[in-house]
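Chemist: The structure that follows is given in the form of structure tokens.
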Amino acid sequence: MKIVLLGAPGAGKGTLAKDLSIMFSVPHISTGDMFREAVAAGTELGVKVQNILSSGALVPDEIVNQVVEERLRKQDCEKGFIFDGYPRTIAQAIALDEILQKMSKKLDLAIYLEASEETVVKRLTSRRICPKCGKIYNLISMPPVSDQICDDCGEQLVIREDDKEEVVRKRYRLYLETTAPLVEYYSGRDILVSVNSERDHRKLVEDVSRLLKKVIS
């Protein structure tokens, strides 16, 4: 099962990908998480990425594609993968096709999560993350048991720089300019499915998992 999840920042790609990863036993590959790990490690790449993410801009394709190819060649991707946040552009989509072709593989499905700008802003500005274990919360839909404290490890939750409203709106505009055309790209290849991500998350997971079971059966 080889799929990509498309949609604006805050459409719910990461949460859905994690649920599907557990359900189907394939890795959830998030370039965003990889970059944040690099930032935390303080590597040269991490410093570059930190400056880019803090400004709300996108990481250059050359860096992204290199990280992706290295990840896909790991053994746990043999049976499939779920991409969250990649590809973001037509150029990245073409690069992914070329990477998979070298590995004698191809995408099974591209799932587009539809969400309005105001929904995205509301979700992301309410999002909090544990700096220690990486668990993600939402103060509205998935709050921690104790205010601003991680349920799992007791750390104080933080808001990421790229979840502040000004940056969120900038990211949404960038999404419209660069990522939205991917919907047409994958639709033209007849592997696109669009779903409404503004509904109850459990219902969304149920519907998407049912769809994927048909694809891999």
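Glycine residues also receive a Cβ, built from the backbone N, Cα and C atoms like all the rest.
A quick note: this is a predicted structure, and the numbers were derived from the prediction, not measured.
Just lifted these from Swiss-Prot, have a look:
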| type | residues | note |
| --- | --- | --- |
| BINDING | G10, A11, G12, K13, G14, T15, R127, I136, Y137, R199 | ATP binding site |
| REGION | 30-59 | region 'NMP' |
| BINDING | T31, R36, A57, L58, V59, G85, Y86, P87, R88, Q92, R160, R171 | AMP binding site |
| REGION | 126-163 | region 'LID' |
| BINDING | C130, C133, C150, C153 | Zn(2+) binding site |
Chemist: Based on Cα distances to Y86 (AMP binding site), point out the closest of the binding-site residues G10, R127, C133.
Modeler: G10
Chemist: Restricting to the same chain and to sequence separations of six or more, state which residues have a Cβ under 8 Å from that of C130 (Zn(2+) binding site).
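Modeler: Expected: I136, Y137, C150, D152, C153, E155, L157, V158.
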Chemist: Using other CB atoms within 10 angstroms as the count, which residue among the binding-site residues Y86, Y137 scores least?
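Modeler: Each of the binding-site residues Y86, Y137 was scored by Cβ atoms within 10 Å; lowest is Y137.
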Chemist: Work through the binding-site residues one by one (G10, G12, R127, C133) and name whichever has its CA nearest to the CA of V59 (AMP binding site).
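Modeler: The answer is G10.
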Chemist: If you measure R160 (AMP binding site) to G12 (ATP binding site) at Cα, how many Å is it?
Modeler: 16
Chemist: How many whole Å apart are the CA atoms of G10 (ATP binding site) and C133 (Zn(2+) binding site)?
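Modeler: On Cα coordinates alone, these residues lie 20 Å apart.
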Chemist: Within 10 angstroms of the C-beta of C133 (Zn(2+) binding site), what count of other C-beta atoms is obtained when all protein chains are considered?
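Modeler: I count 12 other Cβ atoms within 10 Å of it.
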Chemist: Could you measure between G12 (ATP binding site) and T31 (AMP binding site) for me? Cα positions, answer in whole angstrom.
Modeler: 15
